[in-house]
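Per Swiss-Prot, the features are as follows:
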ACT_SITE  LYS142  active site, schiff-base intermediate with substrate
MOD_RES   LYS115  N6-acetyllysine
MOD_RES   LYS219  N6-acetyllysine
MOD_RES   SER237  phosphoserine
MOD_RES   SER256  phosphoserine
MOD_RES   LYS269  N6-acetyllysine
MOD_RES   LYS286  N6-acetyllysine
MOD_RES   LYS321  N6-acetyllysine
MOTIF     1-10  motif 'Nuclear localization signal'
Amino acid sequence: MSGSPVKRQRMESALDQLKQFTTVVADTGDFNAIDEYKPQDATTNPSLILAAAQMPAYQELVEEAIAYGKKLGGPQEEQIKNAIDKLFVLFGAEILKKIPGRVSTEVDARLSFDKDAMVARAKRLIELYKEAGISKDRILIKLSSTWEGIQAGKELEEQHGIHCNMTLLFSFAQAVACAEAGVTLISPFVGRILDWHVANTDKKSYEPQEDPGVKSVTKIYNYYKKFGYKTIVMGASFRNTGEIKALAGCDFLTISPKLLGELLKDNTKLAPVLSIKAAQTSDLGKIHLDEKAFRWLHSEDQMAVEKLSDGIRKFAADAIKLERMLTERMFSAENGK
């Protein structure tokens with residue numbers, strides 16, 4: 001009998017090992033794909049909701065959102081907006097039935113440079129969750145990590161007790177500003193940073209530890225832990241399991257079902273790479289960023305400037321596609337009469 005736990009441990013999947021020192025989050029709108037991996041939390045974005053909303057399995061939710069938009073009435077544009085907010089919340093509510101933790105729901109990326117509009121939309125999403133019987137403690141509102149988005153996050157946290165997840169984070173400047181704003185969680189991207197370096201430099205492949213996305217998250221994690229910031233660091237946007245393993249020990253990692261599946265089948269030994277203890281010995285100095293300093297430092301990072309604007313454009317394009325899809329479903333019959 002005494003040998004069995006050792007044997008069991010030897011066969012433990014990389015996913016189960018990872019869960020021992022990092023909170024694992026599922027990055028998907030397809031909530032039927034969540035069960036197998038037993039994540040703590042889940043994240044969604046406009047692109048993931050758009051993909052899920054086109055699956056046959058989720059048409060009832062789409063119909064419910066459409067009915068809600070129509071019931072509230074008003075101009076066509078208003079009905080669509082209400083239907084989309086409702087759809088995001090319906091997906092979030094279903095996801096919450098399958099996880100013990102929190103779900104992240106994103107504010108429309110087209111509001112990324114309008115602080116007040118982001119605050120208003122976030123409050124509306126929380127209101128819709130409340131109508132569905134879900135406490136704001138189980139929701140993270142995702143906002144773009146523009147200066148305006150970060151200030152919206154600060155206001156939502158301080159004045160409304162709404163927890164925020166700052167997304168599309170590519171630069172150290174963005175991470176520092178988020179820490180100073182006191183938001184609940186940040187999502188520094190890994191894979192999209194790698195994509196940029198592969199596309200814009202001569203180097204086309206990287207070992208995980210040398211991956212520029214991995215190095216970015218490592219630096220941010222070390223900075224937060226060295227200076228005692230409470231904001232959770234959640235690495236996001238992975239291209240392979242090597243990147244994930246190289247960030248083992250990070251507070252949270254949000255991972256697609258495809259890569260969660262690969263980790264589940266992988267039995268290689270995993271050890272934490274990031275740690276609070278190691279962060280204390282890093283040579284990072286503390287900095288303060290007001291708006292001018294933030295804009296300057298962020299603009300110095302060509303990759304981050306390009307990937308932030310590219311990310312906003314992509315999420316905005318998918319929001320528009322979702323609007324068109326709902327417009328067609330809601331009004332094409334009426335318009336055809």
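Glycine too: its Cβ is placed from the backbone N, Cα and C atoms.
Positions of Swiss-Prot features highlighted on the structure.
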residue: LYS115; record: N6-acetyllysine; DSSP class: helix
residue: LYS142; record: active site, schiff-base intermediate with substrate; DSSP class: strand
residue: LYS219; record: N6-acetyllysine; DSSP class: helix
residue: SER237; record: phosphoserine; DSSP class: coil
residue: SER256; record: phosphoserine; DSSP class: coil
residue: LYS269; record: N6-acetyllysine; DSSP class: coil
residue: LYS286; record: N6-acetyllysine; DSSP class: coil
residue: LYS321; record: N6-acetyllysine; DSSP class: helix
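Sequence-distant neighbours of LYS286 (N6-acetyllysine) (same chain, six or more apart, CB under 8 Å from its CB) are PHE227, listed in sequence order.
For the recorded positions shown (LYS115, LYS142, LYS219, LYS269, LYS321), fewest C-beta neighbours within 10 angstroms: LYS269. Summarising the environment of SER237 (phosphoserine), the number of other Cβ atoms within 10 Å of its Cβ, over all protein chains shown, is 25. Put simply, SER237 is the one of the recorded positions LYS115, LYS142, LYS219, SER237, LYS269 whose Cα lies nearest to the Cα of SER256 (phosphoserine). Checking each of the modified residues LYS115, LYS219, LYS269, LYS321 against SER237 (phosphoserine) by C-alpha distance, the shortest gap belongs to LYS219.
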